[in-house]
């Protein structure tokens with residue numbers, strides 16, 4: 001039994017599960033905005049970034065060991081899972097409340113309520129960003145002949161995170177009629193990008209650790 005848990009197949013499935021769980025958790029808790037002090041400056045961010053930062057290094061780990069196809073399959077799995085959860089939540093919100101319900105409508109809506117626009121923005125940003133990340137990482141691996149993992153990981157992450165942030169912010173918040181034009185969205189986006197870039201650099205040792213751990217379960221064919 002222990003040998004099964006040490007196998008490459010089990011370790012890969014474990015990382016895929018953590019990836020999907022991180023993406024879903026990021027969406028669920030992303031509505032809360034927190035503020036911390038960093039070097040004397042206020043840093044405001046969505047708490048959804050906490051599990052989100054894990055997704056890129058897990059994807060790079062899978063891509064490095066198994067190749068682009070497996071990484072793309074992981075993205076598709078997370079995409080379908082998110083879409084299913086969003087549909088279930090929308091259905092639950094649409095159903096009428098019974099008088100005996102111990103969770104009242106305002107409370108339930110406050111936790112799970114989200115607009116169709118936010119859902120579309122979230123799905124589009126995730127899919128475009130992570131598919132771009134898997135493609136760029138794979139192409140860089142070919143160019144570097146499998147060397148400089150730190151460089152490949154960070155470049156693909158920077159590009160993926162930029163796509164994710166700009167696509168989501170513009171689809172979710174761009175509305176010139178209410179004063180939320182291009183300058184507003186860019187001002188909203190840049191602090192998130194800076195934080196994501198910093199987390200990407202911090203993630204680098206975890207990519208190396210993840211690759212070593214995954215390869216410890218056996219040899220994968222790319």
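A Cβ is built for glycine as well, from the same backbone N, Cα and C atoms used for every other residue.
Within the same chain, residues 46-52, 54-55, 58-59, 61-62, 65-66, 70, 74, 77-78, 81-82, 85, 122, 126, 210, 214, 217, 220 sit at least 6 positions outside the transmembrane segment (12-30) and bring their C-beta atoms closer than 8 Å to a C-beta of that stretch. Per TrEMBL, the feature transmembrane segment maps to 12-30 (among others).
What TrEMBL lists as transmembrane segment is 36-62 (among others).
Look at TrEMBL and you will find 74-98 (among others) tagged as transmembrane segment.
Residues annotated as transmembrane segment in TrEMBL: 110-129 (among others).
Taken from TrEMBL, the feature transmembrane segment applies to 149-173 (among others).
Residues or ranges marked as transmembrane segment by TrEMBL: 193-214 (among others). Under 8 Å from some Cβ of the transmembrane segment (193-214) lie the Cβ atoms of residues 8, 11-12, 15, 43, 45, 49, 53-54, 56-58, 60-62, 64-65, 149-150, 153-154, 157-158, 161-162, 165, 220, all in the same chain and six or more residues away from its ends.
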Remote residues contacting the transmembrane segment (149-173) - C-beta distance under 8 A, at least 6 residues beyond either end: 56-57, 60, 64, 117-118, 120-122, 124-126, 128-130, 132-134, 136-137, 140-141, 180, 184-185, 188-189, 192-193, 196-197, 200-201, 203-204, 207-208, 211
